[in-house]
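**Q** To start, I am sharing the structure in question, which I have written as structure tokens.
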Amino acid sequence: MDNSKLSIRIQCILLTILVINDNSVKPIFDRNILPVGQIFEDDVVLKLRCDGKYEPLGNPTLEETVTCKDGEWSPVPQCKPAKCRSNPPESANATATIVNGESVVYICNPPFRKEVEETIVCEFGEWKGRLPVCKIKKCSVPEVHHGRIGRPGFFPSMGDSWKELTVGQIFEDDVVLKLRCDGKYEPLGNPTLEETVTCKDGEWSPVPQCKPVFNKEKDLPVSSSKIIPIVAPSQLPTLNTSTGNPCTCTYLSNDANLVAYVGTKRLQSGIKVENNSKVKFHCIPFGYSLLNGSSEIKCQDCQWDSSVFPKCESRKIGEATLHINGEWQLLPGGVVGIEKGRILSITCEANGTGIVPQWKNLTAPRIYVDTYRDHYSGRNVSMLYIVEVDTIHVGKYECFVPGYAPNIIEIQLVTDTPVKCSKLEDRYISIRYSKEQDVGSVATMSCKDRYKALVGKTRRWTCLSDGQWSGHSLPRCKGQYVFI
């Protein structure tokens, strides 16, 4: 055999190619399904057809042409979850806008506002999820310690006809009422007889609160009290000059885009936070705003451990923005929580540039990236798909435009099984739970011996969303003092 005349035949082998689920990619030739491993000559053209819930990557049609070129198939045959082609479902009193073909944003028509924030997303070519509820938000009259809520009566000419309102009474948005405090108290931040409070988006603004009136001449602390211990001198603790009231820090912020949580409780400006509690922050709209500052601040020794709260800023030109699709929830601190087995897709766009955004260090299996130019916005988009989310997908994901600051999100698994905190036990301390050991439950502690008092730590702990208590070590019981 003359090897000098041997010609080289470049062939393609039909291999098992990248798929999203088993058997989702079927090569078609004359409408017959071809077996994996069959060999074809160069320049042979075949057809890729995906299963019903999938479509060819980069070509949203029933079939895509693939050609054998230099021993490789071009384009590489891949299937991705099908996009939704139909209009999304309608929601009463709201207008729907499709975002990147993957999710729907519902804007309530005035004067309606969202009562429940839900998400409609595209999954395998179908719109799924629960519709948001748009209603006219209302406010209920709150219980104010050392104060009450009221409004002027029908006969103002008869003098002070101010009428106190019943706690729980409902009022429409934009209704204006008055806060009055008891004799030795005054409205927080407004030392007058009355303060105006307005119903805005279902909440009173400002938050109606009363504080003690401080008289510098009369209210100075008395230092001449005698202290008599009930226990032996060897058990004497350090003298505490506080009044015995719980130590707190006040959360104050006028940033409408800043969201703050203690555990699972969302904070409103003016709310007092217990000592040793941690506050976690994130910004809304999530994925578009940038948190400038610390994402966590602690109330320590009756004051915040940071002189300023973080701020929410709009992302600059070139910085990537993210939009998350799928059935997920936003956890305190801006963490994305999703159930195991779900599909999550994240749209990353380059803000104000024509550069294609990129994802960093995608090593886990069942992660796919699709890059395209959005038909509506004209922007370059990099779409990240995570199929059948599992523990291997937990962690941080970074999308960036080369040369600009990245956008980073963290993903955690959440479960249908209720998260609980462990039961607290101590032979000397009595512990009462507001909701057993459920998330949000408050554990209140006291000494079993009525002649002893708690010292050293806070006496109230909160069960956080991660199943951990807000405190770290239990307080101790020591000898009590009486003042005479």
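Glycine residues also receive a Cβ, built from the backbone N, Cα and C atoms like all the rest.
For reference, TrEMBL lists these features for the protein:
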- CYS79-CYS122: disulfide bond (DISULFID)
- 77-136: domain 'Sushi' (DOMAIN)
- 247-314: domain 'Sushi' (DOMAIN)
- 419-479: domain 'Sushi' (DOMAIN)
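Thinking about packing and proximity, how do these listed features fit into the structure?
**A** Residue environment of CYS79 (disulfide bond) contains 24 other Cβ atoms, counted within 10 Å of its Cβ in all protein chains.
If you take every residue in the domain 'Sushi' (419-479) and average the pLDDT, you get 80.
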**Q** Would you list the DSSP helix, strand and coil counts for the residues of the domain 'Sushi' (247-314)?
**A** 0 helix, 34 strand, 34 coil
**Q** Could you tell me how many residues in the domain 'Sushi' (419-479) are helical, how many are strand and how many are coil under DSSP?
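**A** Here the numbers are 0 helix, 28 strand, 33 coil.
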**Q** Validating a neighbour-count step here. Other CB atoms within 10 A of the CB of CYS122 (disulfide bond): how many?
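**A** Excluding its own Cβ, the number within 10 Å is 25.
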